[in-house]
Structure formats: C-alpha cells, structure tokens
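Listed in TrEMBL for this protein:
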COMPBIAS  B:10-28  compositional bias 'Low complexity'
REGION    B:1-29  region 'Disordered'
TRANSMEM  B:50-69  transmembrane segment
TRANSMEM  B:75-95  transmembrane segment
TRANSMEM  B:125-143  transmembrane segment
TRANSMEM  B:155-179  transmembrane segment
TRANSMEM  B:191-213  transmembrane segment
TRANSMEM  B:244-265  transmembrane segment
TRANSMEM  B:271-291  transmembrane segment
TRANSMEM  B:298-317  transmembrane segment
Amino acid sequence: MAHPDSPPALALGGIAKHYGYVKALDGVDFHVNAGEIVSLLGDNGAGKSTLLKVMSGAHAPSEGTIRIDGKLVTKYTPSVASDLGVEMVYQDLALVDTLDISTNLQLGREPLRPFPLSLFGFVDFGKMHKATRTQLDKLGVRTAPPERAVEMLSGGQRQVTAISRAAVRLFERGGGVILMDEPTAALGYEQTLMVEALIKRMAAAGFAIVLVTHNLPLCLNVSDRIVVLNRGRKVADVMRAQADHNKIVSWITGADRAEEAVA
Amino acid sequence: MSVKPPMSHAKTGGPLGAAAPKAPLKTARPSSAVPRDVALLVFLRDRGILVLWAVLLIGFAIWNAPYFATANNAMLILSASSVTAVYAAAVAIGLFSGAFDLSLPGVGALASCVTAVALQNFGFAIPLALALGVVIGALCGFVNGWISLKGLNPLIVTIGTLSVTSGLAAKVVGGYSIYGLFQLEFMGSARYFGIPSHAFIVAALYIGLTVFLTQTRAGIRMRAVGGNAEAVRRAGLNERQYRMMGFVFSGTLAGIAGMMTMALVGEASPTASPGVIFTALTAVALAGVSLQGGRGSLPRVLIGALILGTIADGLTIAGVEPYWATVSTGALMIGALLLDKYLTEAISTRLVRISTLNVHDGVK
Ligand SMILES: Nc1ncnc2c1ncn2[C@@H]1O[C@H](COP(=O)(O)OP(=O)(O)OP(=O)(O)O)[C@@H](O)[C@H]1O
Ligand SMILES: [Mg+2]
C-alpha cells in the first residue's frame, strides 16, 4: 500500500526499557508502514506488551526514539499518541458495558436531534444507530445489532466492537496506527476468524497494524511481516514469505536468529 | 504519508468490502440473536422489581382486605414514599456517575434550615427562598465533587461533609428547629385533585431526570463515566466534568428532599438523620443499581421507594409491630441483592456458553 519512499507510519529506534533492575527491552528497532500488518511474537515475558506500551505512549522508553510519519516525537504520552492517530485496542478499558454498541462507538460525537431539541443536547438515536451501521458496514463487520448493550456480547463480538471503536476514530483522521495486544486470546474458532478478517480489512483500508499474539496460525494468516522478540531483543524481522512455522518457533525459543533476513 | 484517507474510498464504493474475504464474517450471524433463556433472565433482572411490587400489592390487598386496596390508602403510600424517592434519586444519580454520596441528609438539613431562616428572619419571597435552598444543595454537591476529584474516596469525603453540613445547619438556625412554616403547606401536606403535592414533585423530578439520563448527551455521558471513566477519557471527553455533574445533581436533589420534609412537617430541623440515607440506599439496592456505578435505571429506583412505602403501610394496617417493617425491608434488600447476583452470573455463564458453542459449529 505505502509508497516505497514514504516514511513508516510508526518507527522506533534503539528502544530500551528498564523496570528497576529488569531490562525488559534492549536496543529494539521497529517500524510499521501504512497498510501493513506486523505481528510481534515472542515467549512469555519477551517484552511484547512492553514494546506495545512504548508505542502507545503508556510507557516512556528508557532510551530510544519514536517517529510518527517520519517526525520525531519527544514528549510521547497516550493522549499525544491518540492525537497523532495511534490507537491501542483495549478490550476492557475502552468499552462501557452498560451502554449499547452504538453509544460506545459514537461516545463523544453523538449526533443531536434537530433544533430546538439540540439546544438541550437531545441525542438522535436513529441517526446514531445508522451512523454505526454505516461505519461497521464499511469495516465489513457484521456483529450484534448496534442497539445491543456491550455486556450482552460474547467475547468475540466485544473484541470486534473494541477494534471497530479504534478504527472508527481513525477513519475520521483518514489513517493511523492500530495496536492490538492478544486480540484473539480467549476467543473461539469462529470469533477468531471474525477478528482476523477485520484486521485484514483495516490494513486494506490503509491502517498500519501491530498485532501481538501467541496464535501462530493467526499470525501466519494475516501478517505482512513478522517480528520476534527474545528476552527483550529483536531476533527476527522478516517478511511473511520468509517465515514458516518451524522457523518462527526456533526464533521464539531463541534457538536461532534471523535479523540478517530483514528486508 | 502516501496512503489515501480511508474515508475517500467510501465515495468510490467501499474498498473495504472489495479488499478482504467476506466469507468468515457471515458465519457470525447465528451468535447475533440473544437466546430465549438469556432474554428471560435479563427480563427478570431488569423488571423483577415490578413483579415484586405487584406481588406485595396483591398480597397486602388480600391480607388487609378491605382496608388496603383503597384510593385513599394509595395516596398515603405515595405520600409516605415521596421523600425517600427523592433521596433515593439523589443516591442513584450519584452512583450512576460513580459517586457514593453519604452527606445527603446533611445537605438536606442545611438547605432546609437556610430556606427557613431566609423565610422567617429575612422575609424572602417563597420562590426566592426555595431557589436558595436548591442552590445550597447544588453548592454542597459541587464542594463534594471538587474535593473528591482531587483523588480522594467520595465515601470518606462525604462522611466529612455530612458532619460539616449538619454542623452548619445547626449554626444557621442557632441550634434549635424553626417551627411554624405554614406558608409551605402548598408543597407539604396539601393535596391537589386528591393527590399529595409531594407526588407531583416526585413525578416531575423522575420524568425530567429519566429523560435527561437516557435521551441527552450529558446524561448518557454521565452514566458512561460511572460505568467506565477510562472509556470516556479515551473518547476524548473531559471525564471529570461528568463526574462533577453527578455530585451536583445528587446535592441538588438532597436539597429538594430536605425542603420537602420541611414543608411536610412545617419545621426546619438541623438534625441530619442518617436513617434517611440508609432507607434511600435500600430503595436503590432493591432497584438493582450497582454500587460499582454505571448500572441502573431511575424508574426502578422509584418502584424501590414505593415498595418500602408499601411494606410499611401494609404492615401498619395489618397491626404488625413496626419493627417487623424494618426487619422485612432489610431481608428483602438482601434477597434482592442475592437474586441480582445470581441472575447476573447466570446471564454471563450463558453468554460464555454461546461463544464456546460456536467453536464446535465452526469445527464441524
Ligand atoms: N510494570 C512492570 N514492572 C516490572 N517488571 C515488568 C513490568 N511489566 C513487565 N515487566 C517485566 O518485563 C518483562 C517483559 O514483560 P512483557 O509484559 O512485555 O512480556 P510479554 O512479551 O508481553 O509477555 P506475555 O506473552 O506473557 O504477555 C518481563 O520480564 C516482565 O516481568
Ligand atoms: Mg503481554
């Protein structure tokens, strides 16, 4: 999707992160282009979530640089990240259980009824549900009806809603980066497929996507590129075509390195 | 960035649909309908309180025939439930937005004492004095919110402001109740078309607030903040503003409840009875409002208050000693909480079951 000369949507350089004496990340370079799906793999404690939190601004790195669309960002916090179009998908943090899907997606930009009711802030629910339907259609998501409360959704529908919520917000600014930590953990077979298809659609629409997962089949199905961390260091950064199940396992377990293979 | 904004694709006919496989998404259809048993459980959780009230009404009507099921007794129940209903609305709105306000009886006492002094000692016109009481209530709520939003636990903060407000109330009236506020009878013991004046106030407040909470931006966001403040923040909204609104509504309602009590008994008392808050909490808990915030509906809170009034009235007519009323409302509340917990758990286990069922469908 991305023009070869255009800078990556998000690029990290020489990232290190210490938790007290623990070195969770060490000299990690990472980038993701618009329209690209990059899977971030690694064993438990390899530093995947930490790296993702650095990308989302939740954790400040101890060392290293962060560039968004090629521009160096110095004071990087979650709200700066959000302003620059980097959205982290949190299944639990971002949804209000007691409200319906539609209200959750449109929270903060609820359409109002015509004058004079608009003066009192009366919400036009019909319009809101319609907007939600249009947006979900655009994402190719067929989940529960927009009027359904989030607490009545199954895990997969919830996850799809949480991802859609991030995507809908990015649609308005015309692109951005979506970060996902284990989006299919605890999901059944069919619901994993649903999330998988949604991820592909979002990449096709031009979003840059970083996916942390332990699910190798999912990774092999959706990734354009695969990055593997081992004990806080990057041990592989390869195009999908250059990876297979066995190689990935050997990178994850630390039996092998493949950084030379970086495209 | 060389990527075209996704929105621009929309005009040219939806690239998303064209770009990715559609097939897997269609398989999601079966899980989009809520199954019958879940729907029934949800109905019981959300409407069970109406069933309970109906059972109580019918039970008392039979037990106390022919004295219970009369229009006059209905008015007595309404009148006895009204102040509880307004305090319960104050507690519930606080909880919806994530605030637990224990200072409400103090706020009610302060608002009524200030109003009484304004009327008796300073010769304020009645509407002006009442407006002053409302403003005092709102101001107390604002102070509660202002302190709590500094990061303190509202429960502790409002225990503090309970003492402060009741102390101030005593100071305002010089330590003694103010008697003889007959000019307020129109919103006290007066009846219009045979219906107690308090019932009109309660109806107006509940209708207005229910519309506000369910139909307007601010109301929806206030409930959202109680359910998940982080989500509201992530939506780019000022979550503190909506939490503050909860405190202000809560305080305002307490002020109104205080003035209603004053008008009914014709006396402004600086004593903040903590019993008021526990009765209100009982009604709120009966209504299934979650103390964790964000969950609950105002009309159900009204039914909760009416249930308490119904029990007290029904047992009195039956000649049962009054302490049994306290015992039974307490037991009823605990029963309601247990039932709510059971129903909520049953609903979530069933929802989990649906999502695992799909795995087998998919594998087949
Ligand atoms: N807040 C923290 N304080 C101290 N150490 C931490 C903290 N968060 C993570 N760590 C440590 O940093 C290392 C990397 O953790 P991280 O959560 O990034 O791993 P992960 O790759 O996401 O693992 P998993 O697959 O289990 O989620 C681990 O050794 C972990 O114990
Ligand atoms: Mg992790």
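Using the three backbone atoms N, Cα and C, a Cβ is placed for every residue, glycine included.
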Counting Cβ pairs closer than 8 Å, which of B:75-95, B:125-143, B:155-179, B:191-213, B:298-317 has the most of them with the transmembrane segment (B:50-69)?
B:298-317
By a Cβ-Cβ criterion of under 8 Å, what residues six or more beyond either terminus of the transmembrane segment (B:75-95) are in contact with it?
101, 104-105, 108, 154, 191, 194-196, 198-199, 201-202, 205-206, 209, 213, 222, 226, 246-247, 249-251, 253-254, 256-257, 260-261, 264, 276-277, 279-281, 283-284, 287, 289-291, 293, 296, 298, 301-302, 304-306, 308-310, 312-313
Using a cut-off of under 8 Å between C-beta atoms, tell me which stretch among B:125-143, B:191-213, B:244-265 contacts the transmembrane segment (B:298-317) the most.
B:191-213
Under 8 Å between C-beta atoms and at least six residues away from its ends: which parts of the chain pack against the transmembrane segment (B:244-265)?
82-83, 86-87, 89-91, 93-94, 96-99, 101, 103-105, 107-112, 115-116, 130, 133-142, 144-146, 148-149, 154, 181, 184-189, 198, 201, 205, 209, 218, 222, 225-226, 276
Residues of the parent chain within Cβ reach of the transmembrane segment (B:191-213), under 8 Å, 6 or more residues beyond its termini:
71, 75, 78-79, 81-83, 85-86, 89, 93, 96, 219-220, 222-223, 249, 253, 256, 260, 264, 297-299, 302
Spatial neighbours of the transmembrane segment (B:125-143) far in sequence, C-beta under 8 Å, 6+ residues away:
101, 103, 106-108, 110-112, 114-115, 118-119, 161, 165, 183-184, 244, 247-256, 258-259
